[in-house]
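The feature domain 'Type 4 fimbrial biogenesis protein PilX N-terminal' is assigned by TrEMBL to 13-61. What TrEMBL lists as transmembrane segment is 15-34.
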Amino acid sequence: MCCRYAHGEGEEGSVLLIALVVLFLVALLGVNALTTTQTELKISGNDQSYTRNFYRAESAIKEAALALEHADDVDPATAGLSWLSDGINEETCFKPEQDAWQTSGSDTNAAVSTFYTDGKAAFCGLRMGVASGSSLDMTSPLKWEYVIYGRSVLSSGKVEMAAGYCKKTN
């Protein structure tokens, strides 16, 4: 004869087992949420650092453009702007992407931004020659083409950027 069990008989530990499985799944979801949050915080921090460096480098470029605009002489040899070099001669010109930026000393080729006083934003410039489309008539003003480089180096990263600039002179 077959034994009949009463309803619920022999299932005394099943509630504990189900509770442990649910607890494990909730813990797994919590760990996943923490990992995602940490990743998002790192991304947010990196973006904030890049944005800060970007604006500092852009500010340095604008400062250099303003100095160029107010300069009477645009010849790098006589302009009195130590951060401005002549980019026409490829062998001797300063190459900001390759050469080290020197902001002090006898071989200065860049300048520290005065807007930020921490010394971590700098700029330099290259005169590329007469801009294309400029008049070659000796009596008309020449339009000179420049490339201005800005750099910001904070502890959390570095941004370098370049901008074109043109100036008409007599």
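Yeah, the Cβs are placed from backbone N, Cα and C, and that goes for glycine too.
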Practice item. Grab the same-chain neighbours of the transmembrane segment (15-34) for me: Cβ-Cβ under 8 Å, and only residues 6 or more beyond its ends, written as numbers and ranges. Key: none
Review point. Under DSSP, the domain 'Type 4 fimbrial biogenesis protein PilX N-terminal' (13-61) has how many residues in helix, strand and coil?
Key: 48 helix, 0 strand, 1 coil
Review point. Which whole-number mean pLDDT does the model give the domain 'Type 4 fimbrial biogenesis protein PilX N-terminal' (13-61)?
Key: 93
